[in-house]
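Listed in TrEMBL for this protein:
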- 37-82: region 'Disordered' (REGION)
- 174-355: domain 'Malic enzyme N-terminal' (DOMAIN)
- 197: active site, proton donor (ACT_SITE)
- 250, 505: (S)-malate binding site (BINDING)
- 268: active site, proton acceptor (ACT_SITE)
- 340, 341, 364: divalent metal cation binding site (BINDING)
- 365-548: domain 'Malic enzyme NAD-binding' (DOMAIN)
């Protein structure tokens, strides 16, 4: 078997310093060669006569290529191995013995190169590149630098008044010219981050069926049960290092969006590249489609997922287990699997079940918690003291709320040396039934029980604020406008500088706006939100909200 690294054909200097033209002259047919092998001998037996004769051509072509590579290799041995490409860190060799079927050998050039988003540079192809890659006549004669392309694209995107239109323009660019997409995003991250992720991605997920054009990730549904390993092999990249996976049941604060939750893994992995430097080919967005309980989507003509109620219990568990086993088998032990926007009843169980066998983390439970803790530590510079000097009250006791609470308690325990059980007593949670107290312990879900402290039951948030007297109020409820004027005023009456974190996404689900937090606290609140809010002018001062 031969595995070729496509990028090796796209450098300015060509192959092994001799240029693509020389490579083409040595071997016909020209430039774009695509050879596809059948998956098994059994498959070949069922092919038509013409296809059987085609396999002879495949064999001869492969033999010619093998003969050629033995004397003058056309791939970099450090970048390619049998069955997959080594990652940039040289750590993952687990796929070396994995057969890849179906597989292709392709030399991208000419018209096909311009349709390949990974390597297309549009008008930025230089004169020598246009000759080397057979682009003459396929592009206008002007060579336009990537910097000028960025300027033009930003000008075009700013013409759109509707955020969803900006999102669609960015997704179109990602599908045509990946290099330009990431350069644009990196250089304009503050302006474009709310476009490619929250809050705009929430609306994009709600309307994903209507705006869907090309697949940007892998969809694995109940139809693929028993064949998930085969489905993973259909993804063109082999050296996957990061997988972001969702089942779409709890997308942001918008609820069950089923298959249309794909916008979240796609957007999150764009940030892995733009902000974390992970190469795009190492990232794989995945949506597990087990149905949806969203009646509106089930009756939507444009819905792209399974039209059935959500699978639960053993059927759900078996599909997830097959997926987890398959990704480890094909991508190796070190592939990172990030669980994203799973509902509470599955999120904690999946993290516990696979935490000891796979490299996994849940962004809602652990990722959000780490960022919020960092924000709280930074806030100490404004209010003084340490975390142990504060009392925390949460509205919302799901994945995010309990995950943040646990990390805060762990950090306080680390700083003070106090037992974890003691530091938890500084943290109170309110769910849909009111303050979580010990008298409710028997009816609580297991992840809420550590937060059931001795106190009389309280139903309303404002009453909990007045009774608990927290210095920090954190919203993870997914319900908008729940930090009312009375709640914020109560926080301001207790604290000179109340810390108010309104974390639910998108902005429509935020517990309060930045403007409300500053106005109702007379400009004294230290405010941060999950999705970005613009600067607020109050009392002659301009306040720039933080984002956690």
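From the backbone N, Cα and C atoms, a Cβ is placed for every residue, glycine too.
On a predicted model such as this, the values are computed, not experimentally measured, just so you know.
Separation of the C-alpha atoms of residue 340 (divalent metal cation binding site) and residue 250 ((S)-malate binding site): 9 Å, rounded to the nearest whole number. Considering only the recorded positions 197, 250, 268, 505, the residue whose Cα is spatially closest to the Cα of residue 341 (divalent metal cation binding site) is 250. Averaged over the domain 'Malic enzyme N-terminal' (174-355), the predicted model has a pLDDT of 95. Other C-beta atoms found within 10 angstroms of the C-beta of residue 505 ((S)-malate binding site) number 22, with every protein chain shown included. Cβ proximity to the divalent metal cation site centre (mean Cβ of 340, 341, 364, cutoff 8 Å) flags the following additional same-chain residues: 246, 250, 251, 264, 339, 342, 347, 362, 363, 399. A gap of 7 Å separates the Cα atoms of the residue listed as 'active site, proton acceptor' and the residue listed as 'active site, proton donor'. Put simply, residue 197 (active site, proton donor) is 10 Å from residue 505 ((S)-malate binding site) when counted between their Cα atoms. Counting every protein chain shown, 26 other Cβ atoms lie within 10 Å of the Cβ of residue 340 (divalent metal cation binding site). Counted within 10 Å of its Cβ, the other Cβ atoms near the residue listed as 'active site, proton acceptor' come to 22, all protein chains included. Counting in whole angstrom, residue 197 (active site, proton donor) lies 15 from residue 364 (divalent metal cation binding site) by their C-alpha atoms.
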